[in-house]
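Report on the structure given below.
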Amino acid sequence: MKRTFIMVLDSFGIGASADAKKFGDEGADTLGHIAEACARGEANVGRSGPLTLPNLSRLGLGKAAEESTGTFPVGLDKNADIIGAYGYASELSSGKDTPSGHWEIAGVPVLFDWGYFSDVENSFPQELLDKLVKRANLPGYLGNCHSSGTVILDQLGEEHMKTGKPIFYTSADSVFQIACHEETFGLDRLYELCEIAREELTDGGYNIGRVIARPFIGDKPGHFQRTGNRHDLAVEPPAPTMLKKLVDEKGGEVVSIGKIADIYAQVGITQKVKATGLDALFDATIEEMKKAGDNTIVFTNFVDFDSSYGHRRDVAGYAAALELFDRRLPELMALIKEDDILILTADHGCDPTWPGTDHTREHIPVLVYGPKVKPGSLGHRETFADIGQTVAAYFGLSPMDYGKNML
């Protein structure tokens, strides 16, 4: 029985890639800098002491990071008994965004350039804004700028509730984000507005990767909270991913947990499981692993590392989340059967010690575990697509156009 379980620790980079300089990210190192901050006693909110990841260390995380940067992450166990195959991968795709990273993991790198709204103020073309106001019958809009999602709620949330004007904002990523109050504006209305925005961006040739619905609740600044009802409207991958091939060629199952289905625009996904928060995502993953049959991929995105800690530059929060993930990892590993493969990886970096609030261009860890997987170094993988090619070969699918089988 062949089953693969892919866990994406969203934004968990392990050192700047060779091309990081052109992204302004030379020297970024999500894992390394978190570990250093913990060792210096600078990440003692909600946790304390050196970064402790014994289970990830046994899978080779520390050694993969050392291969990536030349430095072993401080605090991790150098003498861990390695039980998995480990390496690090560079990104072939042109961006450092979520869709590019995930599509490349599934064997389809993004070799074109996304469109971006690069102006920090008055970010969106007036023609686009006018169409959205008219089609969605809006009283106007707020924002129209680059911002962190939590900051803009404190700035404009109250005005949004009074006026009914949605908050439009973007970032260094190829995104059009819309924040609206779940109760005063309405969740269904927000989703409808996002559908309209997706249509207009596509029809207008803007080449924007995602429209993101950002619903929130609360009644005043400091009390506004984003809810778990986020919804991403992505464009479809430009070629069949290994997910789609498993479904098409083997009649297989691909179970999306978290935001995976949205990232692939629902293509190649046979079942969606919604969960919010690290523990809930872990619980859902374990339940689906228990039920998984032959020719199944269970694919989970642990978004909190990125959204709650990376972008918010919360080092202690990121460290605590990694330690929580590590503590729960044995529950997941206990479910691995003889022919199963477990892959732990990431889609980009988001160094919480780095200036700004954006992603960082980094290598990702590639940790592979299973009874038939030979422990040891996988070395430097030249593309995330090596993961997709490995999974395609494991299931006996037609080869992907990019990547090499690692096993």
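Placement of Cβ uses the backbone N, Cα and C atoms for every residue, glycine included.
Keep in mind that this is a model prediction, so the values were computed, not measured.
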**Message:** For the Mn(2+) 2 site that Swiss-Prot describes with ASP306, HIS311, which of these is also annotated: HIS359, HIS363?
**Reply:** HIS359
**Asked** With the Mn(2+) 1 site defined by ASP10, ASP347, HIS348, which remaining residues of that chain have Cβ atoms positioned within 8 Å of the Cβ centroid?
**Response** VAL8, LEU9, SER11, PHE12, THR98, GLY101, HIS102, ASP306, ALA346, GLY349, CYS350, HIS359, ILE364
**Request:** Taking only the Cα atoms, work out how far ASP347 (Mn(2+) 1 binding site) lies from HIS359 (Mn(2+) 2 binding site), in Å, as a whole number.
**Result:** 10
**Asked** Which residues, same chain and not among ASP306, HIS311, HIS359, have a CB within 8 angstroms of the centroid of the CB atoms at the recorded Mn(2+) 2 site?
**Response** ASP10, SER11, SER307, GLY310, HIS348, CYS350, THR357, ASP358
**Complete:** The answer, for which of the binding-site residues ASP10, ASP347 has its Cβ ringed by the most other Cβ atoms inside 10 Å, is ASP347
**Message:** Can you give me the same-chain residues 6 or more apart in sequence from ASP306 (Mn(2+) 2 binding site) with a CB-CB distance under 8 Å?
**Reply:** ASP10, SER11, THR98, CYS350, HIS359
**Complete:** ASP347 (Mn(2+) 1 binding site) falls, by DSSP collapsed to helix, strand or coil, into coil
**Fill in**
Using a 10 Å radius on the Cβ of HIS348 (Mn(2+) 1 binding site), the other Cβ atoms enclosed count 31
